[in-house]
């Protein structure tokens, strides 16, 4: 069936009339298309198999094209720097995860190798991340409490932890299989920033006990931050003086070095390995000063070398940790994709979000057999990578080799390293996230709603829990979007003098009102949730509710029919009204047409179409025309399907216009009655108040 012709009035400056015709589109048979895609996807050819393998392992595409002379030195330099930074961070973040340092080293090694094979970003550094480590640590601590008896604790937590990783993997891989990479679009920057800042406060709180050397139980569940600070102040008298002095010195050195590095980074070819220097010096001082034996300072302890034999996770426990795995999967993927897109945009290449899901997922599944924990892209190391000349994922292999060297030979050298030094490294690494508080005034000035999202997410993440904070942030962000469309901006427009353009009368000066015409703008889609707001705004700005006006007319007509004959002043109750009369005096309405500016209405649902049909009918009863201007094709199609223009679309030329000015010109040309006798409101006027009683 051929599509009906859409003819819409478009008037030029010479008042000649043109008809805009929509193209006729061939009807698509979606069933056939789906079957064709299914047959294509199920077919197996050598070429298709090759593309499938190369898509799953992007390294096969870019590595043969690797420009060694141009890229190799930048990759080696950035790989060495990241590897040197990874070692102290891996050992430090083991405190957050509640695991031994060797597990963090395993995680860093395997994640870099796997992302080299499967990742699509050239610059992202994937491995241990403070926020992920914190979320993992909360699960580990809970399982330690559930384990009960001490002999079974290690085995129990190990199996629970691996099952947790497997479920974490399955979430991300399934998202990749079903092409759900687009979900990252729904995680706003304000929400992610607030979540990271709130989690940073939790991380800082968890490390304070190591800074001052006190032993307090690690709080679990909701309100962890508040409970931990209460325990800290209650046990502050037990602080270890050696740890306090060491922490103060390390923080001063680390912060000073970081500030100087930020100030003179344009002069430095690569960042100073301050963390490594601090760890080496602190380890030597602790070892030769016998700080553990003399001052009871807590140290890292034995870090074994080599690889522990792989072990299959316990699948029976997967369902029990599903709730913990979901927020981990979301956070890990969100940060990885966000950083990947940021780097891709900066260096002019593209990434594939679904492939990033596979890459991060397999960065968890394979290492889970080797006692590793959850991984993600890390902002700080990614920025270091880009600043040290990284060109491709080859730098990740170099970093993995540095970690491997430590795993095989150097790990035992860190036996005497104080835990307070590791805590200092973690806390100083939070500088970027904690500085977000300083940006709140600027953020508030730019966008108040985004600031509210940031504050709500940050507060929930810090004061309740990280998982609930993530959920609160996502839900609140969605609610903000809904509220924005439920109560959008509305305005009456005036004409810019001597032009064919119209703008908000409240925002601009020297606009001319159009005689007998009201121009109404609604800046949102019109759908079921904002229908009432649309009507209320229209009635308020035009100062006319057609339903009330119609009711007032009927009441007037009824009273006019019941008006007592002249000279009859006695009512049924015997009251003599004397000269008292009641008269309804008509008040002329000052417009004859309403032009609805639909340029900001992106779509209409069934309720939206019915709303426009309703106002068209209601105002027509008052002899007021309703004209639609600047409708996009999808809105026009919705109106046609909803019967707004009638069955034969004969009224389209008189109801639909491609610009506000065309609609205004058409309204001016309407042959409305000069006296506008049908367009009146009414006022009740008391002519005489003389009343007599008989």
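Cβ atoms are placed via backbone N, Cα and C, with glycine included.
Feature annotation from TrEMBL assigns transmembrane segment to 71-95 (among others).
The transmembrane segment annotation in TrEMBL covers 124-141 (among others). Counting residues 6+ beyond its ends, the transmembrane segment (124-141) has Cβ neighbours under 8 Å at 82, 86, 89-90, 93-94, 96-99, 104, 107-108, 111-112, 115, 157, 160-161, 164, 196, 199-200, 202-203, 206, 218, 220, 224, 321, 324, 327-328, 331-332, 335-336, 339-340, 343, 359-360, 363, 373-378, 381-382, 384-385, 396, 399, 426, 429-430, 465-467 in the same chain.
Per TrEMBL, the feature transmembrane segment maps to 161-182 (among others).
Outside the transmembrane segment (194-212) by six or more residues, the chain places 95-96, 130-131, 134-135, 137, 218, 224-225, 228-229, 232, 236, 239-240, 243-244, 247, 298, 331, 419-420, 422-424, 426-427, 430, 433-434, 436-437, 453-463, 466, 469-470, 473 with a CB less than 8 A from a CB of the stretch. Per TrEMBL, transmembrane segment is recorded for 194-212 (among others).
Sequence annotations record features per position, and here TrEMBL assigns transmembrane segment to 232-256 (among others). Residues 208-216, 274-275, 278, 282, 291, 295-298, 418, 420-421, 423-425, 427-428, 431 of the same chain lie 6+ residues outside the transmembrane segment (232-256) yet bring a C-beta within less than 8 angstroms of a C-beta in it.
If you look up TrEMBL, you'll see 317-337 (among others) marked as transmembrane segment.
The transmembrane segment annotation in TrEMBL covers 358-380 (among others).
What TrEMBL records for 392-410 (among others) is transmembrane segment.
The transmembrane segment annotation in TrEMBL covers 454-483 (among others). Long-range contacts of the transmembrane segment (454-483) within the same chain, counting only residues at least 6 positions beyond its ends with a Cβ under 8 Å from a Cβ of the stretch, are 131, 134-135, 138, 186-188, 190-191, 193-195, 197-199, 201-202, 221-226, 323-324, 327, 330-331, 436, 440, 443, 529.
Annotation comment: TrEMBL describes 507-667 as domain 'STAS'.
The feature region 'Disordered' is assigned by TrEMBL to 555-575.
Sequence annotations record features per position, and here TrEMBL assigns compositional bias 'Basic and acidic residues' to 557-569.
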